[in-house]
Structures are given as C-alpha cells and as structure tokens.
Amino acid sequence: MANYFNTLNLRQQLAQLGKCRFMGRDEFADGASYLQGKKVVIVGCGAQGLNQGLNMRDSGLDISYALRKEAIAEKRASWRKATENGFKVGTYEELIPQADLVVNLTPDKQHSDVVRSVQPLMKDGAALGYSHGFNIVEVGEQIRKDITVVMVAPKCPGTEVREEYKRGFGVPTLIAVHPENDPKGEGMAIAKAWAAATGGHRAGVLESSFVAEVKSDLMGEQTILCGMLQAGSLLCFDKLVAEGTDPAYAEKLIQFGWETITEALKQGGITLMMDRLSNPAKLRAYALSEQLKEIMAPLFQKHMDDIISGEFSSGMMADWANDDKKLLTWREETGKTAFETAPQFEGKIGEQEYFDKGVLMIAMVKAGVELAFETMVDSGIIEESAYYESLHELPLIANTIARKRLYEMNVVISDTAEYGNYLFSYACVPLLKPFMAELQPGDLGSAIPEGAVDNAQLRDVNDAIRSHAIEQVGKKLRGYMKDMKRIAVAG
C-alpha cells in the first residue's frame, strides 16, 4: 500500500496539514444523540479502549467489545478488563456485523491486521473510527467506499480521559473525517457525537484532518514530549554525577524535576515556568535555551522532514517486520543506563529547589517546546495543533517519568512514540555533549546566586518570552479550558 499523504499533490498536502478549526460549544448542543440507539463496538481494551468505552457508556451509548477468539478463550487482560466492567464481550464474527460504528483502539502496529479482519464483517454503510490516523495516513490502508471513516483523538492518556470525565469535564480532543470515506456526509456528525460521549467537547475540540493529526502527533512525541525528556534525563544525570553529586540525589532531582517544572508550564505556559526563577537565573535559562535551539534546530527539522516524507514510518514499519529488533534493543539499552539504575534518594527536595537547581532543565524544556512548535508551524501545521502536540502534553509525559523513570514513560507511550523517542534521543545525546561540557556553576545542581541584573536586558527577555507565538495561542487555549471547566463544574 502507498503512503496516503504521498499520493496527494502539494496543494492537497498543504490543505490537509493546515486544517484546524476550534469548534464552538454550540456545535455540540446535541451531545452524543447522533449515536444513541446505535451499536458501538470497540476493538481493543487497552487504556484508551477501556476508558473511552466507560465514558461513552456513561453518556448513554450502547457499547460492547470485540476481541480475538484466543483473547476470550485464554481470558487475557483485555477480556478481564471488559468483563469486570460489565461490558458485553464477543468475537469479531459475533459483534462486528451488527455494529453501526466500529472503533479501532488497538496499537498502531496491529491496525492493518485488525482492519483486514473486521472490514469484511462490517455491514454496508457502517462507520470505522480511529483515535490515531497512522494506519490511514502512513500505512495507506484502503477502506471500503461505503464505510465512513472518522477520528476522535483525545490529547491525553486514556486514564486521564476517564478521570476528567468523572470530574464533569473532559480533555482537549481532535476530530476528523477521512475525505476519501464520507459517502453519506455523516462523518462529522458521528465524530462530534463520539467526542461528546467521551467528554471532549467540555475541554475544547479542534476540527482537524487525519494528516494534520498524524504528522503533528509524530513530531511532538519524537522530539519534546519523549525524546527531549529522555535525552535531557540522561545528559543531566551524567553531568551531575561527573561533578560529584550523590547519584541518588541527582536521580531524584531529574526524575521529579521534569514534573515539577512542567506543572508551572501547564498552569501558565513558558512565561510562568520562567517566572519561577530568580532574575539572574531567568536570564541564564533564557541564554541557555537560545544556545540549545541553535544547536538542536537541524535535528528537529530532520525529524519533521522524515515524518512529512514518510521516511520515519517506512523505517519503523521495517522494524515491525523484523520483530521490533531495533526497538527492543534500544529499550534494553535504556534500562541499563546509569540514570535508570541509580539508587533512590530518601530525602526531600522542596518544590522551589527543583527550579533553583534545574536551570538547565528549564532551558531544555523551553528550547524543546519552542523548537517543536516552530518546526511544525513552518511545515504548514496550524498553531493550535502544534500547541497541543508540544506544550500541552508535556506535563502528562513528565508525570510518567515521576512514577518510574524512563521505563514508565516508555511503557505508557505507544510503540510508535517509543521508537521515535529512541531515534531522537540517540542522536541528541552526542549532539549536546560539547554543550554540556561548557556549562557554568549554577546551571545544574546548584543555585545561581542573587545579584544585580540589567533592567533593559530583563525587560527584553521578558518581552521575548511572552511574545512567542506559542505563548499567545497557549494563553487563548488554556483560557478556554478554564472557562469550560467552570461551566462543567457549575453544571
């Protein structure tokens, strides 16, 4: 099969990359009613599959799970999760023929096999749903022309999708209709109802395209969301230990530092994160971030180029065909790094200490977020999409590192994200080693002393931070989420 994106002409490619519209609340006035009374069958019961299903059932929809015969016979984890939560479970042959909407929430590498199994069983005029468009865009899966193909992509892990719903809210969500598969013109109605059923309409929904979702998602997860955090963790730990820091303290400063730093990012963007620093430290973090951006820009651009061209996907799919040899080797090597095997620190590190002693880490976050955003926008992706795939998701990924270091991050993210993470981090670590060798006291592991600063310089730095495009669009989107949360709680 041909990569779908590469079959489009340039005008079509740019149009799909640039498709992004923030949808109004009034567009979801009907909630999930379009799907009520219809049969929704979810294939796969992982984190997204289970939690989306729970939300959709609580929204009044008829939800069941189609699993492989062997998963049912052997009572695998997917079968246990579905049955323990009171869902009807059956084989593909038992459930798919009656389904009005089949939602494929299996891992990317299983999509082709799943779609080839369920397509012949789907009734005429049914709909097929995805939460990530890799199978359509990168694999180029051909879907029967009578089938409507839609996407609802929550911009959070499945557990977060459920927790926010239970609080009466939701998570930001992208929705799309595949232009090659909307025979009855009902794709948008299906996608809107599905998004409303998961609670996404309460946090903000972007009408996007399969292409824009895939290309921006791949770029974000490879660079700032996973690759930069992994490279930064390994580099910072080794630097601290080489300069005499207790390995246990160094490990904790990094493991929990990312989460603490990005919590400020979540609440107030790069501006608030930088405002947590003293004035001298802020100036230094800004200078370091500018150096990092200059060094890393070609690497970010290479990843974006390889994503756009399909080079990344073809390489990863070749590894799938080779039993994940590269992926499993990189995973094993990561598990043996000094950071992953360091002892745990039993003492306490105060919240402000993470900022004061993590100036370099803050610079890495700032540089990575801005570079990912800028590179996506330069490639034709709209700012709102670029924001959600860079700054917005970073605190969620940082939280996984706080749980069980890089191991947990790589377990939680998809195999696609993990593969891209390793590609980036394996290139980034040697790239930044000369930069790490030139660091000054106070950049990492110790605080920069208070001292006089040049007012004009501080003014210019503050202006530069606040005027960046990601801060402008981020302020708007975070404000919308706060407004929606207040409305949801009041309701």
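Placed from the backbone N, Cα and C atoms, the Cβ positions cover glycine too.
Summarising the annotation, Swiss-Prot assigns domain 'KARI N-terminal Rossmann' to 15-208.
Residues annotated as NADP(+) binding site in Swiss-Prot: Cys45, Gly46, Ala47, Gln48, Arg68, Arg76, Ser78, Asp108, Lys109, Gln110, Gly158. Taking Cβ-Cβ distances under 8 Å and a sequence separation of 6 or more, the neighbours of Ala47 (NADP(+) binding site) in its chain are Pro157, Gly158, Thr159.
Annotation comment: Swiss-Prot describes His132 as active site. Look at His132 (active site): DSSP puts it in coil. In sequence order, Asp108, Met151, Ala153, Glu213, Val214, Asp217, Ser414 are the residues of the chain that are 6 or more apart from His132 (active site) and have a CB within less than 8 Å of its CB.
For 209-344, the entry in Swiss-Prot reads domain 'KARI C-terminal knotted 1'.
DSSP assigns Glu393 (Mg(2+) 2 binding site) to coil, not to a helix or a strand. Under the heading Mg(2+) 2 binding site, Swiss-Prot lists Asp217, Glu389, Glu393, citing sequence analysis as support.
When secondary structure is read from DSSP and collapsed to three states, Glu221 (Mg(2+) 1 binding site) falls in the helix class. Sequence annotations record features per position, and here Swiss-Prot assigns Mg(2+) 1 binding site to Asp217, Glu221.
What Swiss-Prot lists as domain 'KARI C-terminal knotted 2' is 345-484, and the listing cites sequence analysis.
In the three-state DSSP scheme, Ser414 (substrate binding site) falls into the coil class. The substrate binding site feature in Swiss-Prot is assigned to Ser414.
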Exercise. So around the Mg(2+) 2 site, Asp217, Glu389, Glu393 aside, which residues have their CB within 8 A of the centroid of those CB atoms?
Worked result: Lys155, Ser216, Met219, Gly220, Glu221, Leu225, Tyr388, Ser390, His392
Exercise. Any idea what the model's mean pLDDT is for the domain 'KARI C-terminal knotted 2' (345-484)?
Worked result: 95
Seminar exercise, completed: Given the binding-site residues Arg68, Asp217, the candidate whose Cβ has the fewest other Cβ atoms within 10 Å is Arg68
Exercise. If you measure Ser78 (NADP(+) binding site) to Glu221 (Mg(2+) 1 binding site) at Cα, how many Å is it?
Worked result: 26
Exercise. In whole Å, how far is Lys109 (NADP(+) binding site) from Glu389 (Mg(2+) 2 binding site) when you measure between their Cα atoms?
Worked result: 21
For this session: Counting other Cβ atoms within 10 Å, pick out the least crowded of the binding-site residues Ser78, Ser414.
Result: Ser414
